[in-house]
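A.B. asks: Okay, so Swiss-Prot annotates it like this:
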type    : residues             : note
DOMAIN  : 78-179               : domain 'Fe2OG dioxygenase'
BINDING : His97, Asp99, His160 : Fe cation binding site
BINDING : Arg170               : 2-oxoglutarate binding site
Amino acid sequence: MLLHIKQVLTSEELREARGILADAPWGDGRITAGSQSAHAKNNEQLREDCEETRALQQLLLRGLERHQLFFSAALPKQISPPLFNRYGGASNSFGNHVDSAVRFLRDGSGRVRTDISCTLFLAGPDEYDGGELVIEDTFGVQRVKLPAGDMVLYPGTSVHRVLPVTRGYRTASYFWIQSMVRSDEQRRLLFEMDNHLRHLRSQYGETDSGVIGLTSTYHNLLRMWLDV
């Protein structure tokens, strides 16, 4: 499932993030790449342990906490600490690759199975040319270039790439989610059911017998498929 989530960050939060990024210490993005993706990766990245990264992580996670759509779609069990990258100039692209199945946390606190990959755009599409995120999966080939503050979720199993940036700079955050429901197909079905339930609640109310019955079915399926 590929999902566009709008306005994860407010305009005020975006201004704050851009202010932090303006003075951030960018370095070679290959330091976090796996053995295969290191050959394809040509971008810049903030160090995981720098003050700017920590401030941006708190800002982004606060934004995620507000979004019911995000929780409905991802059913997150664990979210890896968000990282931040930049494409432009001589460091302007990332060739075809698949994310590693497991992300080991830098502080040694554990690991995250990368069920879902996430990219949150911090630069608007008018600020750079090129830089589309191209994702290949069962839904076909999708080219993604979103407004600043918007985010895309897609399966961690997808082959994807970032096309060369030929003008300006493309800044973004990226991170991974270990979901309580491992299967992408099962998550999609639960997400669709949850969307339909919200519509039915708005039409018929919480006490309608059909709404209660479908809510029970949703939670029974969730209980069956949960990996906690």
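Every residue gets a Cβ built from N, Cα and C, even glycine.
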A.B. asks: Which has the fewest other Cβ atoms within 10 Å: His97, His160, Arg170, the binding-site residues listed?
C.D. replies: His97
A.B. asks: Determine, to the nearest whole angstrom, how far the Cα atom of the residue listed as '2-oxoglutarate binding site' is from the Cα atom of His160 (Fe cation binding site).
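C.D. replies: Rounded to a whole number, the Cα-Cα distance is 16 Å.
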A.B. asks: May I ask you to report the DSSP-based helix, strand or coil state of Asp99 (Fe cation binding site)?
C.D. replies: coil
A.B. asks: If you draw a 10 Å sphere on the Cβ of Asp99 (Fe cation binding site), how many other Cβ atoms land inside?
C.D. replies: 19
